[in-house]
Amino acid sequence: MALNLRKNHQILKVINNALIDLPAPSNISTWWNFGSLLGICLITQIVTGLLLAMHYTADTNLAFSSVAHMCRDVQFGWLIRNLHANGASFFFICIYLHIGRGLYYGSYLNKETWNVGVILLLTLMATAFVGYVLPWGQMSFWGATVITNLFSAIPYIGQTLVEWAWGGFSVDNPTLTRFFALHFLLPFVIVGLTLVHLTFLHETGSNNPLGIPSDCDKIPFHPYYTIKDILGFALMLSLLVSLALFAPNLLGDPENFTPANPLVTPPHIKPEWYFLFAYAILRSIPNKLGGVLALAASILVLFLTPLLHTSKLRSMTFRPLSQILFWTLVANVLILTWVGSQPVEHPFIIIGQLASLSYFTIILILFPLAAALENKLLKL
């Protein structure tokens, strides 16, 4: 009998074990689609980014013009740019939903997978930040100035560190060139980390909505979840293309249509929408170092979630108190996102401070307490 090439070929069997014959729980819902959607986002961003890089010039005198040239003179350049810019938004929508799914269903108890995932989030944020600087518009320049300047809050080495990162005494040509180099490099780091993420995931297998072991009831990934994933791809890509064609600048900042000018500060410096929740936390603390620490903590707190899990049940499916807290946290993050987009004045300052406080309180204090209380109520 001839050997089955798919199962015996050194390379094909790796693909087979990851995408075809992978045993998957029979009851995973649409919330488990976001991993593969993130994969599609990554591929889309790398392809469109490569095409953009072919026409882009990383020089302060030419960057803005090269982007304008792309949109005017390159065949479908406007489409490639709009897909790349809005693809970043979809990437973050998917990753936030993916993390939310992980928090709700207790997926963070696969500790290695979760920790690599948090590192992936940090790398994605770094990539998006350096990428936003490249068009060299007003918000690109001032965003880069404000955010890199935060490193100067680090005691003793801060100022030296910032000047080393800038390659001078302000954001200028060396900064732009190195940011372009980093923006080109980091997506490939993300690809590598994604493979590590999947390797750890396939050691334990997927979690499921009930949060119970599903070894007794597995189905092959292909055809069941390949078809399900393709439906997700079609929905997401149709939304992305619709946004890129009908409202390409909806999520952008109008300031970025003005070339960077170090002598004119925009009235409201703010990052892209997907960083606003963290930006609101940063602004809520009236001290530079404190703000930077809170900003870092807002993401790094995810590393602590596996350690803070006190419930005897893995998932929140049967834990109503934790569910209430979870959806309160979601609302809280949305409030932070909104506050981050508002100017720093009376009602927004206090709202931001309260939302920042409740963000950390829910994750660090209320989640473990509610879980312990539920154990008691359920006599577990």
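The backbone N, Cα and C atoms fix where each Cβ goes, and this holds for glycine too.
Owing to the predicted nature of the structure, the values given are computational and were not obtained by experimental measurement.
Annotated features in Swiss-Prot:
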{"type": "BINDING", "residues": "HIS84, HIS183", "note": "heme b b562 binding site"}
{"type": "BINDING", "residues": "HIS98, HIS197", "note": "heme b b566 binding site"}
{"type": "BINDING", "residues": "HIS202", "note": "ubiquinone binding site"}
{"type": "TRANSMEM", "residues": "34-54", "note": "transmembrane segment"}
{"type": "TRANSMEM", "residues": "78-99", "note": "transmembrane segment"}
{"type": "TRANSMEM", "residues": "114-134", "note": "transmembrane segment"}
{"type": "TRANSMEM", "residues": "179-199", "note": "transmembrane segment"}
{"type": "TRANSMEM", "residues": "227-247", "note": "transmembrane segment"}
{"type": "TRANSMEM", "residues": "289-309", "note": "transmembrane segment"}
{"type": "TRANSMEM", "residues": "321-341", "note": "transmembrane segment"}
{"type": "TRANSMEM", "residues": "348-368", "note": "transmembrane segment"}
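Swiss-Prot feature annotations superimposed on the structure.
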{"residue": "HIS84", "record": "heme b b562 binding site", "DSSP (3 states)": "helix"}
{"residue": "HIS98", "record": "heme b b566 binding site", "DSSP (3 states)": "helix"}
{"residue": "HIS183", "record": "heme b b562 binding site", "DSSP (3 states)": "helix"}
{"residue": "HIS197", "record": "heme b b566 binding site", "DSSP (3 states)": "helix"}
{"residue": "HIS202", "record": "ubiquinone binding site", "DSSP (3 states)": "helix"}
Same-chain residue ranges lying at least 6 outside the transmembrane segment (321-341) that approach it to Cβ under 8 Å: 100, 103-104, 270-271, 273, 275-281, 283, 311, 348, 351-352, 355-356, 358-359, 362-363, 366-367, 370-371, 373-374
Seg_contact(the transmembrane segment (227-247), the transmembrane segment (78-99)) with at least 3 CB pairs under 8 angstroms, min sep 6: yes
List the Cα distance (Å, whole number) between HIS84 (heme b b562 binding site) and HIS98 (heme b b566 binding site). 21
Test of understanding: give the count of other CB atoms lying within 10 angstroms of the CB of HIS84 (heme b b562 binding site). 20
Would you kindly list the residues that approach the transmembrane segment (114-134) from elsewhere in its chain, counting only those six or more residues past its ends and only Cβ-Cβ distances under 8 Å? 56, 58, 63, 67, 88, 91-92, 95, 98-99, 102, 107-108, 140-141, 143-144, 147, 171, 175-176, 179-180, 182-183, 186-187, 189-190, 193-194, 196-197, 200, 271-272, 274-275, 299-300, 302-303, 305-306
Spatial neighbours of the transmembrane segment (78-99) not adjacent in sequence (6+ beyond its ends, CB under 8 Å) are 31, 34-35, 37-38, 41-42, 44-45, 48-49, 51-52, 67, 70-72, 117, 120-121, 124, 128, 131, 236, 239-241, 243-245, 248, 251-252, 272-274, 302
